[in-house]
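Just below is one structure, and these are the notes that go with it.
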Amino acid sequence: MVIDRYLIALFLASSFLVGALNASAGDADPLYRACMAECEKTGCVGVRCFPQCKFPSDGVANDGPWYVQEPLYLKWKQWDCQSDCRYNCMVDREKEREAVGNGPVKYHGKWPFKRVFGIQEPASVAFSALNLAVHFHGWLSFFILLYHNLPLRQGNKAYYEFASLWHIYGLLSMNSWLWSAVFHSRDVDLTEKLDYSSAVALLGYSLILAILRCFNVRVEAARVMVAAPFLAFVTTHILYLNFYTFDYGWNMKVCVVMGVAQLLIWSIWAGVTCHPYRWKCWVVVIGGGLAVLLEIYDFPPYHGFFDAHAIWHATTIPLTYLWWSFIRNDTKFRTSVLLRKAD
């Protein structure tokens, strides 16, 4: 749907800022720091020792010649000594806190999640993958409806004037959810930038699409005039984040402005149009707004897996399904109108 990755871009930024403020709650704990210092020195936490601690984060062996490099699969997953030390010290410290009746705290800005096959946030990864699957199903069903179930113009072109725009939207959505799954599986600088960049790209394009569809802009030259300044700004913003400075506060402001703008456009359109399926648009907009409450009410992961962010990912799945249903209904409705005019 149009608003799902807007919310992700917004709350990835806001959750980072909140996390940064609370970062000292866990990683400033003297017992945690002592564990980290011992682990980085010996490569062990208790009786658990990590062979990758023979390699520092730069990939050069501590006890071997310079040309002995860290295994490629460890480089790809970025499971260096520091990462494993942080995780295992966090697990042990949380067990100690639970034993005396204390609740979980954040470490380095993140809640203590349990790894599954090396995946940092397995629930968020699973729900991101499901969102990707729903977007693929929605885009594929839209494609089949457009080119196999509905009549076509000469040259096998669709009657629906916004078909190409929704194709691009589907591809950007799938790309965005793919990098969301990758980012939640392993949070490193590269995956973070790819996730944020793809989310902002989808958000900016969704705003363009909302303007073009809700104002029924069908002339190609007018579409270019509307889209050009937005595309220029979004491209510049992404380049700024990736190659100048990754400013979370500025990114949040950009996401809020573009996201609220498209929400208002779709809401006003649904309120004034006579479209027979406008109720689906209302459900998606209102449902997405209510889902934000899960992000505002941040709570630690249940059994180490399901935190507010993961559950929020889950709520976007039915909303995405309904949004693609609206797109298909809009396609059939507009096609029928154009066919009646042609007759």
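Cβ coordinates come from backbone N, Cα and C, glycine included.
As annotated by TrEMBL, signal peptide applies to 1-28. Annotated transmembrane segment per TrEMBL: 125-147, 159-182, 194-212, 224-244, 250-272, 279-297, 309-327, in sequence order.
The transmembrane segment (125-147) makes contact with the transmembrane segment (309-327): 3 or more of their CB pairs lie within 8 A, with pairs spaced 6 or more apart in sequence. Under the criterion of 3 or more C-beta pairs below 8 Å, with sequence separation of 6 or more, the transmembrane segment (250-272) and the transmembrane segment (194-212) qualify as touching.
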